[in-house]
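Asker: My questions will all concern the structure given below.
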Ligand code: HEC
Ligand code: HEC
């Protein structure tokens, strides 16, 4: 695809390129033809520093030929490869195509490596040192910017090393998460709860669920309001992995701990997204990654004899 939004710039750049090449040809031609009349000792008559004089020799042949070759080469290059404005070049080369073919090549070369992983279940793969090393590298390159290089996450980005899962921690669920991505969505709930005081009460009730310090009178008042939340977080507040609603009883907080954080969740809601990786990573790579992630919070299984 061309980066030019209007044809003018393409023509402008192509024109400038051709003009500069023609300029070089002209320069070469003119200097080759021009004969400087020289004095009998073949100097130009210029004298510096008392006795330093300039000889009037023609440019060396080899130098002129190098110049000619450069010009011819540049013309051939511009016919073959993209370079003249948005002209594609006769060879059909694109940087995107080259990248794709290199990726294909790499995938092909890695196929035997991943083939030995394919036979093993994820639970066993998690204990395979080779798979672990590859998983770690894939993680650092593709996941660490959000989940941290130690996979412990940060505010809004889940910790992958604990046994607390928003969307499920079985190998299949983890593979699904990485492949298709996930959206965790909580709508703003303040209207369903009532006034600011009701929101404060329900927040105190949420804090009480994990035995965090709370105001027990307010929590008692907030309990009734929690019905608005139960559809997603469950009547007992233990969450629902099918829709990614977190467990509110475990004292693990994705979006911050304390009354203010909970009130902000209720008032503003939240849309949190894990990007799908299926277009970036192969299914085999995702399997190795899933084993790596699963291994943080589970004991790998020994190979069956
Ligand atoms: C752009 C940031 C981003 C990148 C890159 C990213 N993730 Fe995530 N990931 C998230 C967010 C945000 C969530 C939480 C989604 C939610 O709130 O439901 C998440 C959730 C997850 C979960 C589910 C956790 C649970 O508790 O169920 C897993 C597993 C996961 N990511 C693994 C990965 C792996 C492996 C990679 C690398 C291939 C990766 N992520 C790359 C942002 C990211
Ligand atoms: C439609 C479903 C839905 C309803 C209703 C709902 N939530 Fe949520 N809630 C979610 C989801 C999904 C998340 C996770 C968002 C994410 O992935 O980042 C969440 C996250 C939260 C969090 C953050 C948890 C953490 O670990 O930081 C709190 C607190 C919370 N909800 C409280 C409530 C309260 C209180 C109510 C009722 C007033 C409520 N929710 C109603 C779906 C819901």
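Positions of Cβ are set from backbone N, Cα and C atoms, glycine also.
Automatic prediction, not curation, is the source of TrEMBL annotations.
The structure displayed is predicted, hence computed values, not measured ones.
Sharing the record's features from TrEMBL:
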type     : residues           : note
TRANSMEM : 6-30               : transmembrane segment
TRANSMEM : 62-81              : transmembrane segment
DOMAIN   : 130-210            : domain 'Cytochrome c'
BINDING  : 143, 146, 147, 274 : heme c 1 binding site
BINDING  : 186, 229, 232, 233 : heme c 2 binding site
DOMAIN   : 217-297            : domain 'Cytochrome c'
Asker: Can you go through the binding-site residues 143, 186, 229 and pick out those with a C-beta less than 6 angstroms from ligand 1?
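Answerer: Within range of ligand 1: 143.
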Asker: How long is the line from the C-alpha of residue 143 (heme c 1 binding site) to the C-alpha of residue 229 (heme c 2 binding site), rounded to the nearest angstrom?
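Answerer: About 31 Å separates the two Cα atoms.
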Asker: Can you name the far-off residues of the same chain, 6+ from the ends of the transmembrane segment (62-81), with a Cβ under 8 Å from a Cβ of it?
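Answerer: That would be 17, 21, 24-25, 28, 32, 87, 89-91, 93.
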Asker: Which binding-site residues out of 143, 146, 147, 229, 274 lie by ligand 2, going by a Cβ under 6 Å?
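Answerer: Near the molecule: 229.
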Asker: I need the CA-to-CA distance for residue 233 (heme c 2 binding site) versus residue 274 (heme c 1 binding site), whole Å please.
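Answerer: Answer for this pair: 20 Å between alpha carbons.
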Asker: For residue 146 (heme c 1 binding site) and residue 186 (heme c 2 binding site), determine the Cα separation and express it in whole Å.
Answerer: 20
Asker: In the same chain, outside 186, 229, 232, 233, whose C-beta lies within 8 angstroms of the Cβ mean position for the heme c 2 site?
Answerer: 189, 230, 231, 245, 248
Asker: List the residues of the same chain that sit at least 6 positions away from residue 229 (heme c 2 binding site) in sequence and have their Cβ under 8 Å from its Cβ, in sequence order, or write 'none'.
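Answerer: In sequence order, the residues whose Cβ lies under 8 Å from that of residue 229 (heme c 2 binding site) (at least 6 apart) are 189, 202, 206, 237.
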Asker: Any idea what DSSP makes of residue 143 (heme c 1 binding site), helix, strand or coil?
Answerer: coil
Asker: Which of the three DSSP-derived classes (helix, strand, coil) applies to residue 232 (heme c 2 binding site)?
Answerer: helix
Asker: Which residue counts does DSSP give the domain 'Cytochrome c' (130-210) for helix, strand and coil?
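Answerer: Per-class counts: 45 helix, 7 strand, 29 coil.
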Asker: Taking the Cβ of residue 232 (heme c 2 binding site) as the centre, count every other Cβ atom within 10 Å, in any protein chain shown.
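Answerer: Cβ-Cβ neighbours of residue 232 (heme c 2 binding site) within 10 Å number 17.
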Asker: If you draw a 10 Å sphere on the Cβ of residue 274 (heme c 1 binding site), how many other Cβ atoms land inside?
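Answerer: Around residue 274 (heme c 1 binding site), other Cβ atoms within 10 Å: 20.
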Asker: Of all the binding-site residues given, 143, 146, 186, which has the fewest Cβ neighbours within 10 Å once its own Cβ is left out?
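Answerer: Checked 143, 146, 186; of these binding-site residues, fewest Cβ neighbours within 10 Å: 146.
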